[in-house]
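Following: one structure in structure tokens, then a few remarks.
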């Protein structure tokens, strides 16, 4: 968690902003922002809890979904302190060290989500294209290996990013475009050539997230080819319906991420308020919508949630009857 202070500006700090030009309305803006954060935290916690508790959900698809929920929780928590600090308490200062740490968390969880979405695409590919081999390939051991590979990939990325940022020095007292530290925004104020650092960062992001996205697109190209060969229309519809949630998750993650990255690096004349809105969409939309989409569109998740609520309700009524309430 990143600590933000409220002291006067110094050469060793950045100045955070939230919705530039709308500072007077920060208290009112904080209401929907807090609601979105609450939905993200409660929704992903609920999905994670349901998958852990319900034995019927101990399957590869739901293991990957639980990974997605953990990543979304991490992404939400990594920006929560500074966003609410700016909106509620006007705590606009953040030290260089805290800013570096937050950047590592934000970009680390972002790339981790990309990797998990790639793993989920592989799960859908095996389930539709090779249903007879699904259970033998995606065993518990294989899922563990996939999880470890994803984590190892992120550790290598974070270690490389930490080493790169350690040697970079920045101009102090500069105003950022967001209420959190985002690499393309922060790197503009480095003493070294910002264009080189910015495009190196974009290359790394395109390399990691781009390869994930290419794998996802390839998986769905093969899925569509398989579905086209299915004769029965109902079976085609059933096969495609299992991919709807994942496609929505891919869309709500990649579209805002790509838009924000290119806006910062290629469109310098973009108003700061537009960058701020895009950044909040990029960070809040996936954690908020993913649990909602999967709860509404996945029957097994919905039924598991209802069973848990009903069991809690019956236990509560039994306790009240025993105590004579």
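Every residue gets a Cβ built from N, Cα and C, even glycine.
The domain 'G-protein coupled receptors family 1 profile' annotation in TrEMBL covers 43-294. Per-residue pLDDT, averaged across the domain 'G-protein coupled receptors family 1 profile' (43-294), gives 86.
Taken from TrEMBL, the feature transmembrane segment covers 25-51 (among others).
For 63-89 (among others), the entry in TrEMBL reads transmembrane segment. For the transmembrane segment (63-89), the list of distant contacts is 1-4, 6, 16-18, 26-27, 29-30, 33-34, 37, 40-41, 44-45, 47-48, 51-52, 102, 105-106, 109-110, 112-113, 116-117, 119-120, 123, 143, 147, 150, 179-181, 249, 280, 283-284, 286-287, 290-291, 294, 301: same-chain residues at least six beyond its ends, Cβ to Cβ under 8 Å.
What TrEMBL lists as transmembrane segment is 143-165 (among others). For the transmembrane segment (143-165), same-chain residues at least 6 beyond its ends with a Cβ under 8 Å from one of its own Cβ atoms are 60, 63-64, 67, 100, 103-104, 107-108, 111-112, 115-116, 119, 122, 204, 208.
The transmembrane segment annotation in TrEMBL covers 204-227 (among others). Only residues 6 or more beyond the boundaries of the transmembrane segment (204-227), in the same chain, are considered here, and those with a CB under 8 A from a CB of the stretch are 107, 110-111, 114-115, 117-118, 121-122, 124-125, 128-129, 153, 157, 236, 239-240, 243, 247, 250, 254, 257, 261.
Beyond its flanks by at least six residues, the transmembrane segment (239-257) meets 68, 110, 113-114, 117, 120-121, 124, 127-128, 209, 213, 216, 220, 223, 226-227, 230, 278, 281-282, 285-286, 289-290, 293-294, 297-298 of its own chain at Cβ-Cβ distances under 8 Å. Under the heading transmembrane segment, TrEMBL lists 239-257 (among others).
TrEMBL lists 277-296 (among others) with the feature transmembrane segment.
Tertiary neighbourhood of the transmembrane segment (277-296): same-chain residues 19, 33, 36-37, 39-40, 43-44, 46-47, 65, 68-69, 72-73, 75-76, 79, 83, 106, 113, 177-178, 180, 182, 245, 248-249, 252-253, 256-257, 259-260, 263, 302, 305, selected by CB-CB distance under 8 Å and a gap of 6+ residues from either end.
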